[in-house]
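Noted in TrEMBL for the protein shown:
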type: DOMAIN; residues: 24-54; note: domain '4Fe-4S ferredoxin-type'
type: BINDING; residues: C34, C37, C40, C44; note: [4Fe-4S] cluster 1 binding site
type: DOMAIN; residues: 55-86; note: domain '4Fe-4S ferredoxin-type'
type: BINDING; residues: C66, C69, C72, C76; note: [4Fe-4S] cluster 2 binding site
type: DOMAIN; residues: 129-158; note: domain '4Fe-4S ferredoxin-type'
type: BINDING; residues: C138, C141, C144, C148; note: [4Fe-4S] cluster 3 binding site
Amino acid sequence: MVDTQRRFFLRSKRRVNLQALPWVKDVANFTDLCTRCGKCQSACQESIIVAGDGGFPTVDFKKGECTFCYDCASACPENLFNAEENAPWHQAITITETCLAQNAVECRSCADACDTRAIQFRMTLGSVAQPQITTTSCTGCGACISPCPVSAISMEQRV
Ligand code: SF4
Ligand code: SF4
Ligand code: SF4
């Protein structure tokens, strides 16, 4: 008997998500000012900040979600972060074709993880319920990313 869930898991591509920290002022020039001191990484209570390429800090949503505590920004000795009253970032998720539901396998793990109900499942004729994203309700927290059994969720920048 074919284990469909495992088959899709093996097929799925592992996504590398080099994600900027929240409230970073100038993502494009971040590496010019960041000294790689690691203070933001130590400050993050969710332990989602890791050393990425070149040792520069990045958020790894495979390790968890951003709770928007602002501790990383507060810990940074450089002038790299916007004030807390600004939006932390402009991003929202997309769900790719490896999604189990899109391949007729029942799964709602992402919606279960989303506090803002930005992912809702709608019944469809001839298949299982399908995820629909309300981008304007997505905070970009990343909480839905690690629960997805096939790594089908990626984060996209919004302009
Ligand atoms: S805002 Fe808080 S939870 Fe989010 S990355 Fe910074 S320290 Fe971690
Ligand atoms: S605390 Fe600031 S300077 Fe230090 S690694 Fe983090 S972002 Fe870079
Ligand atoms: S990133 Fe956060 S707010 Fe957006 S859909 Fe996922 S869990 Fe919901």
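Glycine is treated like the rest: Cβ placed from N, Cα and C.
Note: TrEMBL annotation is automatic and uncurated.
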Cα-Cα separation of C40 ([4Fe-4S] cluster 1 binding site) and C141 ([4Fe-4S] cluster 3 binding site), in Å? 17
The domain '4Fe-4S ferredoxin-type' (129-158) - residue tally per DSSP class, helix then strand then coil: 3 helix, 9 strand, 18 coil
What binding-site residues in the list C37, C44, C138, C144 lie within 10 angstroms of C66 ([4Fe-4S] cluster 2 binding site), counting C-alpha atoms? C44
Cβ-Cβ under 8 Å with the domain '4Fe-4S ferredoxin-type' (24-54): same-chain residues at least 6 beyond its ends: 18, 60-61, 63-67, 69, 71-82, 89, 142
So if I measure Cβ to Cβ from C144 ([4Fe-4S] cluster 3 binding site) and keep only same-chain residues at least 6 apart in sequence, which ones fall under 8 Å? I93, S109, C110, A111, A113, C114, I119, I153
Environment of C34, C37, C40, C44, the listed [4Fe-4S] cluster 1 site - residues of the same chain whose CB lies within 8 A of the CB centroid: L21, R36, G38, K39, Q41, S42, A43, I49, P57, C72, A75, C76
Quick check for the class: what is the C-alpha distance, in angstrom and rounded, between C72 ([4Fe-4S] cluster 2 binding site) and C141 ([4Fe-4S] cluster 3 binding site)? 15
Looking only at the domain '4Fe-4S ferredoxin-type' (24-54), what are its DSSP counts of helix, strand and coil residues? 14 helix, 4 strand, 13 coil
Binding-site residues whose CB lies under 6 angstroms from ligand 2, from C34, C44, C148: C34
Determine, using Cα-Cα distances only, which of these binding-site residues is closest to C37 ([4Fe-4S] cluster 1 binding site): C69, C138, C148. C69
Filter the candidate list C69, C138, C144 of binding-site residues, keeping only entries whose CB is under 6 Å from an atom of ligand 3. C138, C144
